[in-house]
Amino acid sequence: MAQSVLVPPGPDSFRFFTRESLAAIEQRIAEEKAKRPKQERKDEDDENGPKPNSDLEAGKSLPFIYGDIPPEMVSVPLEDLDPYYINKKTFIVLNKGKAISRFSATPALYILTPFNPIRKLAIKILVHSLFNMLIMCTILTNCVFMTMSNPPDWTKNVEYTFTGIYTFESLIKILARGFCLEDFTFLRDPWNWLDFTVITFAYVTEFVDLGNVSALRTFRVLRALKTISVIPGLKTIVGALIQSVKKLSDVMILTVFCLSVFALIGLQLFMGNLRNKCLQWPPDNSSFEINITSFFNNSLDGNGTTFNRTVSIFNWDEYIEDKSHFYFLEGQNDALLCGNSSDAGQCPEGYICVKAGRNPNYGYTSFDTFSWAFLSLFRLMTQDFWENLYQLTLRAAGKTYMIFFVLVIFLGSFYLINLILAVVAMAYEEQNQATLEEAEQKEAEFQQMLEQLKKQQEEAQAAAAAASAESRDFSGAGGIGVFSESSSVASKLSSKSEKELKNRRKKKKQKEQSGEEEKNDRVRKSESEDSIRRKGFRFSLEGSRLTYEKRFSSPHQSLLSIRGSLFSPRRNSRASLFSFRGRAKDIGSENDFADDEHSTFEDNDSRRDSLFVPHRHGERRHSNVSQASRASRVLPILPMNGKMHSAVDCNGVVSLVGGPSTLTSAGQLLPEGTTTETEIRKRRSSSYHVSMDLLEDPTSRQRAMSIASILTNTMEELEESRQKCPPCWYKFANMCLIWDCCKPWLKVKHLVNLVVMDPFVDLAITICIVLNTLFMAMEHYPMTEQFSSVLSVGNLVFTGIFTAEMFLKIIAMDPYYYFQEGWNIFDGFIVSLSLMELGLANVEGLSVLRSFRLLRVFKLAKSWPTLNMLIKIIGNSVGALGNLTLVLAIIVFIFAVVGMQLFGKSYKECVCKISNDCELPRWHMHDFFHSFLIVFRVLCGEWIETMWDCMEVAGQTMCLTVFMMVMVIGNLVVLNLFLALLLSSFSSDNLAATDDDNEMNNLQIAVGRMQKGIDFVKRKIREFIQKAFVRKQKALDEIKPLEDLNNKKDSCISNHTTIEIGKDLNYLKDGNGTTSGIGSSVEKYVVDESDYMSFINNPSLTVTVPIAVGESDFENLNTEEFSSESDMEESKEKLNATSSSEGSTVDIGAPAEGEQPEVEPEESLEPEACFTEDCVRKFKCCQISIEEGKGKLWWNLRKTCYKIVEHNWFETFIVFMILLSSGALAFEDIYIEQRKTIKTMLEYADKVFTYIFILEMLLKWVAYGFQVYFTNAWCWLDFLIVDVSLVSLTANALGYSELGAIKSLRTLRALRPLRALSRFEGMRVVVNALLGAIPSIMNVLLVCLIFWLIFSIMGVNLFAGKFYHCINYTTGEMFDVSVVNNYSECKALIESNQTARWKNVKVNFDNVGLGYLSLLQVATFKGWMDIMYAAVDSRNVELQPKYEDNLYMYLYFVIFIIFGSFFTLNLFIGVIIDNFNQQKKKFGGQDIFMTEEQKKYYNAMKKLGSKKPQKPIPRPANKFQGMVFDFVTKQVFDISIMILICLNMVTMMVETDDQSQEMTNILYWINLVFIVLFTGECVLKLISLRYYYFTIGWNIFDFVVVILSIVGMFLAELIEKYFVSPTLFRVIRLARIGRILRLIKGAKGIRTLLFALMMSLPALFNIGLLLFLVMFIYAIFGMSNFAYVKREVGIDDMFNFETFGNSMICLFQITTSAGWDGLLAPILNSGPPDCDPDKDHPGSSVKGDCGNPSVGIFFFVSYIIISFLVVVNMYIAVILENFSVATEESAEPLSEDDFEMFYEVWEKFDPDATQFIEFAKLSDFADALDPPLLIAKPNKVQLIAMDLPMVSGDRIHCLDILFAFTKRVLGESGEMDALRIQMEERFMASNPSKVSYEPITTTLKRKQEEVSAIIIQRAYRRYLLKQKVKKVSSIYKKDKGKECDGTPIKEDTLIDKLNENSTPEKTDMTPSTTSPPSYDSVTKPEKEKFEKDKSEKEDKGKDIRESKK
């Protein structure tokens, strides 16, 4: 922005808005109008014109640079500050809080000018903060009134009051702003439309009687939306929501399309199936038996209704309508379904399967019409209660149809739903980027302003210059801005006098220098920027550590922290000028919630954001928000003596005051010498936080320095002027809260300090926390007296310990400093709560206080980085999500009220439709709380069941609309935004371990000390033993030096120095989990000896290592830099002998056998040594010479074995065997006993397999040697599995096969398929990726478990023992409280009458373990209802539950779902995605889920441009055929066929199950027409394309469909009976629509999505394969354990573990965690009376139908975790990844489609695919292309300017043309050359024929000749051209007369242009594409010029040809 434009900031920039100012504006407008020529007036809003300043927008706060507003200027019209409005009629008004409001200066309502007192008053009221508060309160009160379900009469008056207030508000707004004509008037703000409609509706409903009032009353709910317009942060979030919804449009279209296709398939497959029921037949009454045969003959023809011929008594219709004749399972509302195919559900004896009655679930679940099918599929896609649909459909149609569900779930559900996620995340990311960019731009603008400020103030500073000389000197050297005041001493911002400032500074200076002298001379050495760069930037180099936070950690250590941010929840709404970057980052910045010691300043942005000033303000004053935060960017390391003292005043502003401070032992300063230049440089190259340009660019460095000084100045003034607390408070604090009165006390204090601050104490406290948690987790029901007394004593002890710790810490630290630290406040809070709880222990109803003890668990976060990170992430997200949560709350509130108003009455009136006893069900909308619960349940994704109820009572349309809106708005958008926020706060930095702080490392220091001690003892013992027994061997001496190094290194590791070496090393964890970067063989990064020494000499030096490898701005590492993987291994071992590599990611290992034969051919035939060197060294016998004798024989044997094992066939054979043996396992189901032959075959096969595998193992041992075999994880797996088979074989042979242990071993055979893993490359890749993720998944899993532990213990406290109830076990009903009130009454019943039973709910909260299981069911929303009902009904221990007695227990579950389920499960997704991204970086950005082959496919997909021109199908010579050919190849023909396909689909959609005969006939004929049309298309194509027709895949497909359709017309009945109905194939035709998409420009987004799907397929296939393997193993395992459990709940005749197929069907269902509770329930039956342990199973020897609860729980939980969390989330990761890649691809200016289009056009010009085109055709060709490659005619000039190389015959190669055109689109750049080389390579690869393509490049000599020839030609030609040009231009001059001024210049340009072409380097002849400007002015008539060009080109062609000869 030009400087003249800027209003000078500062208080004097405000001017009153007067009539003069209005006149001035009018004058400016008039002047501008006059200036502007007429034609320009149209495009006033030019995009590049000036824009309003975004900081001065209405609603924003006034930037602090303007200073305070003079009091008389508050709330009155002022002139507009924004230069943009200088000629617009506007003015601004500022209120006390400095919020800007902008008004139009035109008269409001044509009456009130800005100077009218009425309008002035209205404005004053409008901008006043109280007015806003009043409106806010009104809205909230109004919301409370709206929640009343039947309000009392007096509420009517309250309603009037509300309406009155709203009307008043609108009137004020209209008076102040005007109504709607100008900008900034009332109706110009969309939020005001809302107000307007609300008020209008209020009056309309009041005065006009409109019938259905309740529907209109629901509009009042919109008032709740007004909160959004009142609270500032909410508008932005709503903006973001709306943005993401816009972005979703493509996905939505795609989703609807896919769903329609699937729904059509469903309609065709299952139409009417779900009405099949089991009908009792024959009927009971014997009189019906007459004439049954005749009945059958005619009842089952047609529709089975015609039977009344013989017996009139029997009415078939009535019979099948009567529900009592159907077979019902107990407790079910719907009759049992069945099917007529062999694998469908069968009816019990005495029943037949008949289609009758209505569909299940009130008739709403069906595939009978398209709309119901669509609903069913939508439900499938959102995975809500889909197991029910799945079971019904399979039961009615047959198990084979599982395939349909697999497709829909994997393609529809996983893919589409995750696409929505991906789109939302991307939209969010983009918005974030935009905010960041805007912030940077602002920063630049304000820098300008500041410089201006500085200029204005320079004069005033001259006086102060002398005084500040010293300090400037100092600030130059040490570079710290805090004490410097280079420029604005006498700043206008300050109200202080100069003198005061100077004095203050002098005092500071003296204090400073007393301790400074000795260091200062070192610091002052040089003022050069270099020293700043070296010392100064030390701070940001350090990575995530604020340099001076801990370096002198005095008791006041934490004052420089950001604790303040904890107290300012709304800080972003008023961040100040200088923290722009920070403001955008807030959402994800880690530090908002970082506690002091761990505030890791993660990245420059957040570091800059929150340096000194804790953002904590009393009220809305913001000039102090963070001036310093920008300075912090340049803050160099503090003065080297840590004599710093700082205090925080009440306002949270830090003042740095010099003064002696006691250093604690932990905070010793770094010895100067340690940080050598090399180290810093090294660290700079590897730490990726530093912004290099900041360091390198001198101007920005200077600017930064100057800014720092300006700011620090302002800082100091602010500190003084801002001390809000009266001084007496400080006095009080110093007197009472800092205890250092007398010497002896100080000694005591020192002692206490030594003890309390010792790491071991910390360790002890941590152990206490863990023990305390354990004690709390040990509570259970029923507990013995003794046990509970032990627990309570334990609790007292722990409370005592924690209290003591707190008091000792207070003594050691003084209360003032103790409470400066977050953790201490937290401790204090918990301790006081525990004490309070002890006091109130016996008060009834306060037992909940006990659950506060659980918060102690969070103290672990102090020493557990991941937990800390999780809490921070949740904290941050809650900050950013605060607004989002509010929006969500508003949405939930609105829908809850809407539901209550619309449907509440219907639930009451029609209740009998949905419940048998006419009582309101638990889920209803009659009152607000239940309505809220329903809406919440919909947000959890469970909408279908509540919607059925609603539709049944209140009508289908209303319910569908409301529920769909909640579903789409709430569920999809908000929850996804939630996820996006979580993912964004999950940058890899956060995962970087934050263990770089003293306090935090205390634990590890303690552990380190112990480790050291143990190592010392070990070493002594080892030395002793060596002295005593072992002769010293030379070999040992060799190892010694290395070991020494390790020991030294050990000592430094145990000191918790984390070594930072480079970015891409393997980070391993040593024993105690400290991450230390261990160098790989990348030479650049390996630490050299001197560095080691510096680490060792100075143990307190801490350098941090990010675990996650970040992307570096400094160098793009090429993969070449990594040496081979085995080197990595070696260096790992060298550097880290002590560390166990548990953290190492993917099993990089030595390359697996036979993987890289081509790399080391000489090695691949030689086996390696059998034993490790150590073995050989210790046991000499292992070493044999292989040169002669036995040794040689042995060596030859090994070589032979090696050849065998390495042979491909061997591997194939083994894989085949593995598959066979796995397959054999699938036969061992419950029917094996009856099939004797199979059983014996399997037994023999089993032996054979075992022998084969043992042989394989022996061969491998001989071939590879033990060392290789047993160091490979996959080999271990083989080894263990073979062992299992061996053991069971021997046991069988010895006759021990019936032993329990052996039986359980047999089940381990299920693991056999795992061996296939290492053999299939694809799966192995996925498994490796997974293994890499395991450490972090485990970490998060642990954290989640801790998190859940809290809820579990709370659950035990609340519900233990309260779920027991008394039931009548014959009917299964619970007794009413009036009958049975408690356990003793139930007992009495049992004694008198046997049918009662006191029973517990199976899944309960009786102990912590069961609590976890219950919570898992709640978190997966499966089986959660029963648990919730039990909890809500519970009363107390041994009391009979009562319906909804404990209603608000629902809230426990709601809270758990929000924190335990949404957060933690999404966190998993976050971790997994994050992890894969890191691993991708590690593997050089390649996709880790794909094998090499698949990568090739992937790359081919990405670059379809590798197409070469194909021979087009030649046009037939025959005239008639030719015409048809032309017709068929036109686009119109294609599109019309597409339209026909769509119409055909529509007719298929119209079909319904119960359509009339007439309708069926009509559809038949329509279908016939379509078949004729499609046959016609087929015939026409056959005629015109001849045999080429079959070269195109689509055509073959069409042909097959047509044939099938024709056959189907005639043989429809027959085919349908034996095969699938042919209509299905028509559906597949829809896929042809994909072809249209290319023709539609608007469909680009959808094509991107499909492209992403195509790209994901290989990886998804691998993951699917792995999932199948897991399912296979679990299915085998399930068959062997749960085949005989009792059939109840989820296990029945079709869904069970009896056979392999059934197990797979069940497991597929649980993959999405659907219905696992039902399958688990029967397995939890452990004994009578739930099941019968002695039940016989005919045909097998097994007894009993009880399950094994522990095995069952393990089975299901592990399967859910593996499949749901891991595999499904990997799916998500792949899709997100590919989606972003695809979006990037589609954003490029030239996409694959453009290249494809180029080749399509090319085919027409080059029919024989010669790859050349004649120069003459070029112009037409260029014109025929589509944009962006199109060069429209006239294009000769441009084409010539491209200077394309030609070969003989004036032909040009297609690549040259494509390349030149591409260059024209993309412009010249380095990338172009890369692209060109790539394209040429690709072309050569795809054209082995290599047509003589290289017209220019031959040998070097030829090249030189050519170059010289060309130079000569060009020189001559240039001479000719000059002549011509001169001639022409002279003619031109004569013609044009006076207008010739420009020509000479143009002539020069032309000559230059040609010059460019003649430089020898440019022989590739591709100069710039634009035509020389001179041509137009020089032109002779077009034709001549054309001929000249042509002849020139011909000359050139000849020249080249000659030179070639």
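A Cβ is built for glycine as well, from the same backbone N, Cα and C atoms used for every other residue.
For Asn212 (among others), the entry in Swiss-Prot reads N-linked glycosylation site, with the evidence type sequence analysis.
If you look up Swiss-Prot, you'll see Cys278-Cys338 (among others) marked as disulfide bond, on the strength of experimental evidence. With a cut-off of 8 Å between CB atoms and residues at least 6 apart in sequence, the same chain places Phe326, Tyr327, Ala335, Leu336, Cys338, Cys347, Pro348, Tyr351, Ile352, Cys353, Val354 near Cys278 (disulfide bond), listed in sequence order. Under DSSP, Cys278 (disulfide bond) is assigned to a strand (E or B) in the three-state scheme.
According to Swiss-Prot, the N-linked glycosylation site annotation covers Asn285 (among others).
Taken from Swiss-Prot, the feature N-linked glycosylation site covers Asn291 (among others), and the record attributes it to sequence analysis.
Per Swiss-Prot, N-linked glycosylation site is recorded for Asn297 (among others).
The N-linked glycosylation site annotation in Swiss-Prot covers Asn303 (among others).
What Swiss-Prot lists as N-linked glycosylation site is Asn308 (among others), and the listing cites sequence analysis.
DSSP classifies Glu330 (site 'Binds Mu-conotoxin KIIIA') as coil under the three-state reduction. What Swiss-Prot records for Glu330 (among others) is site 'Binds Mu-conotoxin KIIIA'.
Annotation comment: Swiss-Prot describes Asn340 (among others) as N-linked glycosylation site, evidence class experimental evidence. Asn340 (N-linked glycosylation site) counts 15 other C-beta atoms within 10 Å of its own C-beta, drawing on all protein chains shown. In this structure, Asn340 (N-linked glycosylation site) belongs to neither helix nor strand by DSSP; it is coil.
There are 15 other Cβ atoms within 10 Å of the Cβ belonging to Tyr362 (site 'Binds Mu-conotoxin KIIIA'). DSSP assigns Tyr362 (site 'Binds Mu-conotoxin KIIIA') to a helical segment in the three-state reduction. The site 'Binds Mu-conotoxin KIIIA' annotation in Swiss-Prot covers Tyr362 (among others).
Within 10 Å of the C-beta atom of Cys912 (disulfide bond) sit 11 other C-beta atoms, taking all shown protein chains into account. Annotation comment: Swiss-Prot describes Cys912-Cys918 (among others) as disulfide bond, evidence class experimental evidence.
The 10 Å shell around the Cβ of Asn916 (site 'Binds Mu-conotoxin KIIIA') contains 7 further Cβ atoms across the protein chains shown. The feature site 'Binds Mu-conotoxin KIIIA' is assigned by Swiss-Prot to Asn916 (among others), with a curator's inference given as support.
Feature annotation from Swiss-Prot assigns site 'Binds Mu-conotoxin KIIIA' to Leu920 (among others); the stated evidence is a curator's inference. Other Cβ atoms within 10 Å of the Cβ of Leu920 (site 'Binds Mu-conotoxin KIIIA') number 16 in total over all chains.
Around the Cβ of Glu945 (site 'Binds Mu-conotoxin KIIIA'), a 10 Å sphere holds 15 further Cβ atoms from the protein chains shown. As annotated by Swiss-Prot, site 'Binds Mu-conotoxin KIIIA' applies to Glu945 (among others), with the evidence given as a curator's inference.
Cβ neighbours within 10 Å of Asp949 (site 'Binds Mu-conotoxin KIIIA'), excluding its own Cβ and spanning all shown chains: 24. The site 'Binds Mu-conotoxin KIIIA' annotation in Swiss-Prot covers Asp949 (among others) and is backed by a curator's inference.
Cβ contacts within 10 Å of Cys950 (disulfide bond), excluding its own Cβ and spanning all protein chains shown: 27. Per Swiss-Prot, disulfide bond is recorded for Cys950-Cys959 (among others).
Note: the Cα of Cys1366 (disulfide bond) and the Cα of Leu920 (site 'Binds Mu-conotoxin KIIIA') are spaced 23 Å from each other. Comparing CA positions across the recorded sites Tyr362, Met1374, Tyr1429, the one lying closest to Cys959 (disulfide bond) turns out to be Tyr362. Separating the Cα atoms of Asn340 (N-linked glycosylation site) and Cys1731 (disulfide bond) is a whole-number distance of 32 Å. Summary: among the glycosylation sites (Asn1368, Asn1382, Asn1393), the fewest other C-beta atoms within 10 A of the C-beta are counted at Asn1393. The Cβ of Cys1746 (disulfide bond) has 22 neighbouring Cβ atoms from other residues within 10 Å, across all protein chains displayed.
In the three-state DSSP scheme, Asn1382 (N-linked glycosylation site) falls into the strand class.
Least packed by the Cβ count within 10 Å, out of the recorded positions Cys918, Cys959, Met1374, is Cys918. Spatially close to Tyr1443 (site 'Binds Mu-conotoxin KIIIA') yet at least six residues away along the chain are Asp1433, judged by Cβ distances under 8 angstroms. DSSP classifies Cys1746 (disulfide bond) as coil under the three-state reduction. Among the recorded positions Asn916, Leu920, Asp949, Cys1746, the ones whose Cα sits within 10 Å of the Cα of Tyr362 (site 'Binds Mu-conotoxin KIIIA') are Asp949, in sequence order. Of all the recorded positions listed here (Glu945, Asp949, Cys1386), Asp949 has the Cα closest to the Cα of Cys918 (disulfide bond). For Cys912 (disulfide bond) paired with Asn1393 (N-linked glycosylation site), the C-alpha to C-alpha distance reads 33 Å. Non-local neighbourhood of Glu330 (site 'Binds Mu-conotoxin KIIIA'): Gly1372, each in the same chain, at least six residues away, with C-beta under 8 Å from its C-beta. Residue with the densest Cβ environment among the disulfide-bonded residues Cys338, Cys1366: Cys1366, by other Cβ atoms within 10 Å. Shown in sequence order, Cys1366, Phe1375, Val1380, Ala1396, Arg1397, Trp1398, Gln1440 are the residues of the chain, 6+ apart in sequence, with a C-beta less than 8 angstroms from the C-beta of Cys1386 (disulfide bond).
In the predicted model, the repeat 'III' (1190-1504) shows an average pLDDT of 86.
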